[in-house]
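Just below is one structure, and these are the notes that go with it.
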């Protein structure tokens, strides 16, 4: 996941020199009218053997985007292979096959934003009221847009290629090490959250099939977590390559879009059947604004988690054809708009359907064993559990880079480190709360640092007098989010009410 990196620019310089000498640029047909993935001026295409050799170079970081093979559109195969990284259930460390139908950086950016946070967002809306809850989602989208633009400005000012480059350029080795520590903590926590969420969804699907009165051991939460870990997470985490899981993010976003559609349809169906009140009735009887501090402190971290995608914006920017800030702003605006629409639809219609009974994972609500909802549970559960090994792989790579100078692990160390990470994830997941609790902790600890604190530091260090307004706004946002996150964490620890 967010394996941040190149420690230096050596690899990029060597590749540029080699490519200039051989004049081996490969042209690529445009993927869309507005923006494309590839530019022959910005992207290097090279052979598999050369790629593997560079991957073994211990000086090379693994937050690099490499293009292995270009296949002409219309061939019925993918357009290219890309080496990617993920964060929060979004793009991380795997080979990603971008299909002919998946055109443009906008889709890549949308995949990087939308993730498991959607399961808990309706609960955030219920906690703060319909209008205030949707307003928080829109405010979170606006704050994300601003901080992403700030990162883009800092990238141009500091000639940085990645989030880690910005950390190194502004704070040196110590800030880079701190950033990597935050990333590792975020990876570990997200692995726990996704394992818990997948187990919850699997339980819901099995309960719909076996019946709510069944006493089957498979309906036990701990059993579900153990089974998923033993039969899927552990075997996949022991592999050195996860190329076969390259479609997991695509599958995840398809499941989310499907669930958003089902939620709207089920609400209309329930209203037609007289099961739930009409929209007019709900809007006059449900709380529209609930400004109680305790409820806000539960909701804000969930919104922060749901929009975290910041380490992915620079790699996406680097592979944008005819790269410019204006074109990247288009990508960000549209992607954030799509994510906000899906989040708002889910939050609004789930709360309209279940009101104050909305659960922390909205799929736990009583959809009366509906087949479409059960299908969505199964699909999303699969998408989440297949993402956990990707997090483990990238967490292992972060540790390898930090402690072993990115050297290749021998078999014993590889297995030992993988087992340790999986077992640690399993133990914490077994004794943790529901997915909203896990995501709430992340949204109050690592995510605000990644989304607000570090971008504010970057722009303060790199920006001059022409960026004074951005600096002031970024610092204010970082301060507010630090205070809110601190209070939220104290509340989750039951230190304050």
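Heads up, the Cβ atoms here are built off N, Cα and C, so glycines get one too.
Among the ranges 63-84, 217-238, the stretch that TrEMBL annotates as transmembrane segment is 217-238. Listed ranges 250-270, 271-291; the one TrEMBL annotates as transmembrane segment is 250-270.
Away from its own ends, the transmembrane segment (414-432) comes close to residues 188, 191-192, 195-196, 199, 222, 225-226, 229, 233-234, 237-238, 240, 388, 392, 395-396, 399-400, 438 of its chain (Cβ-Cβ under 8 Å, at least six residues beyond either end).
Here the transmembrane segment (438-460) sits against the transmembrane segment (131-152); at least 3 CB pairs are under 8 Å, leaving out pairs fewer than 6 apart in sequence.
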